[in-house]
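Features of the protein shown, as given by TrEMBL:
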type	residues	note
ACT_SITE	Cys261	active site, nucleophile
BINDING	Asp30, Lys35, Thr86, Thr121, Glu153, Lys264, Arg328	NAD(+) binding site
BINDING	Phe150, Leu151, Arg152, Glu153, Lys205, Phe250, Leu251, Phe252, Pro253, Gly254, Gly258, Lys321	substrate binding site
DOMAIN	314-416	domain 'UDP-glucose/GDP-mannose dehydrogenase C-terminal'
Amino acid sequence: MNITIVGTGYVGLVSGTCLADLGHSVHCVDINEEKVTLMKNGQVPIYEPQLEEVFLRNIKGGRLFFTTDLSEAMRVSNVIFLALPTPPGEDGSADLSYVLEVAGQIGDLMTEYTLIVNKSTVPVGTSEKVYNLIKSKTQIPFDVVSNPEFLREGYAVEDFMNPERVIVGASSQKAFEIMDKIYLSLTNAGAKMIKMDEKSSELTKYASNSFLATKITFMNEIANYCEKVGADVDKVRLGMGSDQRIGNRFLFPGVGYGGSCFPKDVKALIKSGKEVGYTFEILESVEEVNQRQKTILVPEVEKYLGNLKNKQIAIWGLAFKENTDDIREASSLEIIEMLLNKGAKIRAYDSIAVKNVKKILGNKIEYAINMYECIEGADALIIVTEWGEFRNPHFDILEKKMNNKAIFDGRNLYNLDELQIHGFYYKSIGRKLING
Ligand SMILES: NC(=O)c1ccc[n+]([C@@H]2O[C@H](COP(=O)([O-])OP(=O)(O)OC[C@H]3O[C@@H](n4cnc5c(N)ncnc54)[C@H](O)[C@@H]3O)[C@@H](O)[C@H]2O)c1
Ligand SMILES: O=c1ccn([C@@H]2O[C@H](COP(=O)(O)OP(=O)(O)O[C@H]3O[C@H](CO)[C@@H](O)[C@H](O)[C@H]3O)[C@@H](O)[C@H]2O)c(=O)[nH]1
């Protein structure tokens, strides 16, 4: 099939590339000219493991094209995926302006039956809004489908190609049939397609993300409580997670959830609830607890070092999680801001996300070229992201290079006994303080 993807960010580029790999001809459209030029030159503009290989294979195979011109793409394809941003507005609601703007353009450009497939995360009722907007512009038949995306950054290609479910919300048989064809190779390989109405489909996405955010937050609260009563959250996590009704994934406590999805989707669902007179009390608490959790280690560093003025703090990890260059709503940014306000000096290291942080923080902090340069002369080390390279450091090098042997671990990377032996002051999340 010929497919157009509008928006080539994490979702659009991964979906487009993977759909091309399933044999479709895919025309990716983006308004960002710089990005489109890069892609036309065979460069992937984002960091996403496995993506480059599949991207290059499909460009070479003549199935993946890039343009800034929506009309050019629409001339060859009448299935259009929207993978546009839906960032939080001032009041927390999802900003639909990108989606509605492109929907309007589609309405103006359509010349034959068109299927509009919305992959962006949008509030309940958006399919209807998109439908009404296009309907106001054309007499040509069309359908609007909700097809939310569940991929995770860092594992996006793997997740797209092996989905636990493909959710399709539509109200026309023709639309369902086209969606069946698009995903045929995945459903033939065992992926489950769940068909429903558009509103339920839209809500499935928010409900899933909000549930996962709640699960993490619940564990963060259990971890905080563990510290008060002397229990170990890692043991509690393993004990709880072995009950299949609970499951062992997404139970890792830490310095809060971040990223471009959980924070904005929790906010948007709260706001959508308010619009119909419903208060999501659980989600309001989740947001509040998560906000607090993001900077929970700063007072701990203060407890250890006293006044932070001119203290040298090393930060390992800037991305909101491992395997991505994305720093949207990253805990690192909030921790750094709080430390800077307290007069601390910061040297940070993240081999992949550093370029995005430099764009925001510039020379307010120093950037190390490797994890050991980062800790030279440090009064304390804070670990924010669980990159693999931080998991087995040479503790003897840390001991030699740091001013103090003090680690504040927001991701519980190390074995407590090992840190005890190495003689580090070691504060993690929901576990006992070592050498305190
Ligand atoms: N990032 C994720 O892991 C993820 C996963 C599932 C769902 N989602 C949802 O998917 C949507 C897209 O998220 P993302 O992270 O891929 O966004 P992104 O910000 O990475 O990419 C969006 C792209 O759209 C382009 N764009 C903006 N306006 C445009 C226009 N008028 N025409 C063409 N292109 C335009 C931008 O230039 C950018 O390249 C959001 O609703 C998000 O909530 C994201
Ligand atoms: O046990 C855990 C798991 C995750 N996190 C944090 O939660 C955030 C989100 O992590 P993750 O879900 O892996 O990343 P995203 O790429 O944001 O993916 C989420 O958001 C996407 C956008 O909607 C969805 O498509 C995915 O299904 C959903 O997992 C990160 O800050 C993680 O550090 C934890 O603190 N503990």
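Yeah, the Cβs are placed from backbone N, Cα and C, and that goes for glycine too.
The highest number of surrounding Cβ atoms within 10 Å, among the binding-site residues Lys35, Arg152, Leu251, Pro253, is found at Pro253. Ranked by Cα separation from Thr86 (NAD(+) binding site), the recorded positions Arg152, Lys205, Pro253, Cys261 are led by Cys261. The binding-site residues shown are Asp30, Lys35, Thr121, Glu153, Arg328; of these, the one with its CA atom nearest the CA of Leu251 (substrate binding site) is Glu153. Nearest in space to Thr121 (NAD(+) binding site), taking C-alpha to C-alpha distance over the binding-site residues Arg152, Lys205, Pro253, Gly258, is Lys205. Secondary structure by DSSP for the domain 'UDP-glucose/GDP-mannose dehydrogenase C-terminal' (314-416): 37 helix, 18 strand, 48 coil. Confidence for the domain 'UDP-glucose/GDP-mannose dehydrogenase C-terminal' (314-416), expressed as mean pLDDT, is 97. In this structure, Glu153, Cys261 are the recorded positions from Glu153, Cys261, Arg328 whose C-beta falls under 6 Å of some atom of ligand 1. Gly258, Cys261 are the recorded positions among Asp30, Lys35, Lys205, Pro253, Gly258, Cys261 whose C-beta comes within less than 6 Å of an atom of ligand 2, given in sequence order. Annotation for Lys264 (NAD(+) binding site): spatial neighbours Thr86, Pro87, Pro88, Ala94, Glu329, criterion Cβ-Cβ under 8 Å with sequence separation of six or more.
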